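Q: First the structure, then my questions, so here it is.
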Amino acid sequence: MSAEIKKTGVKKVVLAYSGGLDTSAIIPWLKETYDDCEIVAFCADVGQGEAELEGLHEKAIASGASECYIVDLKEELVADYIYPTIATGAIYEGTYLLGTSMARPIIAKAQVEVARKVGADAVCHGCTGKGNDQVRFEGCFAALAPDLKVIAPWREWEMVSREDLLDYLAERNIETTASATKIYSRDANAWHISHEGGELEDPWNEPTKGVWTMTVAPEDAPDKPEYVTIDIEQGKITKVNGELLSPYAALMVLNEIAGAHGVGRIDITENRLVGMKSRGCYETPGGTVMFAALRAIEELVLDKSSREWREQVGAQMAHLVYDGRWFTPLCESLLGASQPLANLVNGEVVIKLYKGQAQAVQKRSPNSLYSEEFATFGEDDVYNQKDAEGFIRLYSLASRIRALNSKS
């Protein structure tokens, strides 16, 4: 690149930086590609773990960044993005609890805030041209800062493999802990961790034990079940085993407890936003328990029509979050519309954890519509079974008329 004419028009860029191979190569690439351009690294702490953050500032500076901002977003992620999303019942394609998708808007928002703080005229990400994340990040940038230029090196540079990136860094004497033998592509945050690539790209290959990092194998989990009590107020988890906890703290406690019982593993082939299918193995131990607890209370407090409507909202919300459309009027509308039902979701649930399963075995709510008197098969004074006759006749009226018309 040094022999080529450098691009102009970008004086300061904020890079979403992880310290991994891709973003380590992006810093020198930006300096070589853009004339007199200052690189500011930005890292979002979304609960990926201390090991991922250790030495990150020093590594960014050594790679050529002028500064590295590490922003703690853990509490905000869980309280303002995860909790509202799961309150709608959002599950992508029936199984995926949207771990990566929910984290992208808050990361993009914080990146824009850093860009404004330092006076940058561009933002940069390390997403590949085949994945969903490029759309998610750039969709958020468009909504929050349409004036900022977006740089996506994977759609520009000529490097196509890990080996290319390693050679690029070696030529510039930039140290990296990455190797050409890396097996899996992983993305972690407080809610989950995803595993892709390697032998997982063949859907005929069963994931080995080495794939999973947050959960034990269900067959190796304790032979004795563990019971966890969860308190819920207005669709939000407030207590775990009687202890009042912040959203992030509650998730961390449940991650540890549920992970020890092998809870929260899924292996799916999903439809990506960009049109192709991809296989992903996901671990969401605490989130799986939270979801089970919320659904248990919903079963008690939501009438049939409300529950059907909530499922419709959840399905639409899942696609919206997966597709990276958080900062839109539709997202605001869905979250606002789901809140009246979430306000009814109050109660206490006991979840049984055993060999990879999380089952609600006890539940109660002050808003419960369930009545043992009405539901009993014994004699009662509150329900006259003869009343059902007229209801059934009216309920089946259309079928009756259709049958009579067909005979005539």
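A Cβ is built for glycine as well, from the same backbone N, Cα and C atoms used for every other residue.
Predicted, not measured: the structure shown is a model, and the values here were computed from it.
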Q: Determine which of Gly99, Gly119, Gly126, Gly129 appears in Swiss-Prot for the same ATP site as Ala16, Tyr17, Ser18, Gly19, Gly20, Leu21, Asp22, Thr23, Ser24, Ala44.
A: Gly126
Q: If you compare CA-to-CA distances from Asp22 (ATP binding site) to each of the binding-site residues Tyr96, Ser101, Ser185, Tyr282, which comes out shortest?
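A: Smallest Cα separation from Asp22 (ATP binding site) among Tyr96, Ser101, Ser185, Tyr282: Ser185.
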Q: Could you tell me the C-alpha distance between Thr128 (L-aspartate binding site) and Arg136 (L-citrulline binding site) in angstrom, no decimals?
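A: Here the two Cα atoms are 12 Å apart.
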Q: Neighbour count first, Cβ atoms within 10 Å, every protein chain included; then name which of Ser101, Ser185, Ser194 tops the list of binding-site residues.
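A: The residue with the most neighbouring Cβ atoms within 10 Å is Ser101.
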Q: How many Å separate the Cα atoms of Arg136 (L-citrulline binding site) and Ser18 (ATP binding site)?
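A: Spelling it out, the Cα of Arg136 (L-citrulline binding site) and the Cα of Ser18 (ATP binding site) are 17 Å apart.
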Q: A 10 Å Cβ contact count, applied to the binding-site residues Ser18, Thr128, Asn132: which residue has the minimum?
A: Thr128
Q: Give the sequence-ordered set of same-chain residues, not counting Thr128, Asn132, Asp133, with Cβ within 8 Å of the centre of the Cβ atoms defining the L-aspartate site.
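A: These residues sit around the L-aspartate site: Cys127, Lys130, Gly131, Gln134, Val135, Arg136, Val274.
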Q: Rounded to a whole number, how many Å is the Cα of Ser185 (L-citrulline binding site) away from the Cα of Asp133 (L-aspartate binding site)?
A: 13
